[in-house]
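S.K.: The following feature annotations were taken from TrEMBL:
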type	residues	note
ACT_SITE	SER40	active site
ACT_SITE	LYS83	active site
DOMAIN	16-97	domain 'Peptidase S26'
DOMAIN	103-143	domain 'Peptidase S26'
Amino acid sequence: MLHNVLGKTFRFLGYTVQYGCIAHCAFEYLGGIVVCSGPSMEPTIQNSDIVFSENLSRHFYCIRKGDIVIVKSPNDPKSNICKRVIGLEGDKVCTSNPSDFLKSHSYVPKGHVWLEGDNLRNSTDSRCYGPVPYGLIRRRICFKIWPLNDFGFLRASPNGHRFLDD
């Protein structure tokens with residue numbers, strides 16, 4: 001009887017480890033669910049909204065202007081931030097705040113992206129820390145899961161005027 005119980009226990013542990021590894025690989029390399037916090041992406045993403053994000057776009061260099069990405073914070077590598085891609089390498093971007101009378105512009109250097117929150121008045125973003133290396137991008141947000149009344153693909157940027165075409 002002890003032999004039978006030990007056999008079932010080890011089989012259970014084996015399946016647990018096996019399926020745990022599969023789940024880890026799926027979340028690490030394919031995508032996963034993320035709970036967002038902070039006001040910087042309002043009104044597109046509210047505090048405590050739950051979104052689905054995928055990891056493949058960054059590997060295949062498929063990140064485009066307008067995408068919302070999760071990035072390792074340039075100020076604190078232990079935390080992640082959620083921002084919208086405003087400019088890719090070589091793009092001309094507006095580097096000043098919306099309230100500035102004189103507007104300043106710059107070009108995004110090779111291997112970098114320009115990130116901004118949708119809530120320009122309450123966002124620490126590339127206007128503060130400059131262009132962000134592409135390698136810090138972790139995920140691209142695909143759609144909102146929660147709250148259910150807002151389920152679906154994310155809205156376009158409320159700051160579309162900040163996308164410069166030069």
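Here the Cβ of each residue, glycine as well, is placed from N, Cα and C on the backbone.
Describe each of these features in terms of where it is and what it packs against.
M.R.: A C-beta separation below 8 Å, combined with a sequence spacing of at least six in one chain, links SER40 (active site) to ILE81, CYS82, LYS83, GLY117, ASP118, ASN119, ASN122, SER123, THR124, ASP125.
Helix first, then strand, then coil: DSSP counts for the domain 'Peptidase S26' (103-143) stand at 10 helix, 17 strand, 14 coil.
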S.K.: In the domain 'Peptidase S26' (16-97), how many residues does DSSP call helix, how many strand, and how many coil?
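M.R.: Taking each residue of the domain 'Peptidase S26' (16-97) in turn, the totals are 19 helix, 26 strand, 37 coil.
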S.K.: Validating a neighbour-count step here. Other CB atoms within 10 A of the CB of LYS83 (active site): how many?
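M.R.: Neighbour count, Cβ to Cβ under the 10 Å cut-off: 25.
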